[in-house]
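See below for the structure under consideration.
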């Protein structure tokens, strides 16, 4: 029995190592390519002896990444904030009050999650044009918030059902606390793990969004990183050093965010999966 368990653990460890290598290799190639000086065509597997950071500064200027970074941070930050606030507020009564109406609303949210966003793109674009909101941060924030709200409510609901004791809420209610006070002073602080999970997931999705950005943010002044990077890649397809440097800079904020919140991210996923 013990030998079989040890063998299983070795197989799992080996598979985990293979998956880790599969994810690390593209990043390593990207890093070595970005650090090579112009004209250095040595193998992508060899780390450069003479490291050059000139590619980063040149890519930053030529791709106008500064403006794109600001636009993307505004859209991602406000969208994630709205998702956390309104998603948690919507999930709490759905998780705690299992009425027929709440069950129907929850089922509707789940069904929305399986609908591809592109199916509604044409009518949505016409509505945005009629409202005169094309090329504005507000429409990008609104659309991204609406797109990822069902997933946010789903994750919050599962976490609340599995980890927030009903007795804790009942005790606060007996003491005379109102619904909103109970939520913001007792429930919401306990949602830190799943909030970190939602923050990472939503930020990564919105940061990397291309389909909404290419439709609604066509003006260069409001372009996000994905749109700016797509244009930059097309113009510099033969200059892999610049392309690699630009790609590294674009992905860096999300890597930092994940490293900062990874402890809560894992806790949020595991806790929310314990109970339906």
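Cβ from N, Cα, C; glycine included.
Of the listed segments 11-31, 32-52, Swiss-Prot assigns transmembrane segment to 11-31. For the transmembrane segment (11-31), the most Cβ-contacting stretch among 104-124, 139-159, 186-206, 240-260 is 240-260 (pairs under 8 Å). Nonlocal intrachain contacts for the transmembrane segment (104-124), taken as residues 6+ away from its ends with a CB within less than 8 angstroms of a stretch CB, comprise 94, 143, 147, 149-151, 153-154, 157, 211-212, 215.
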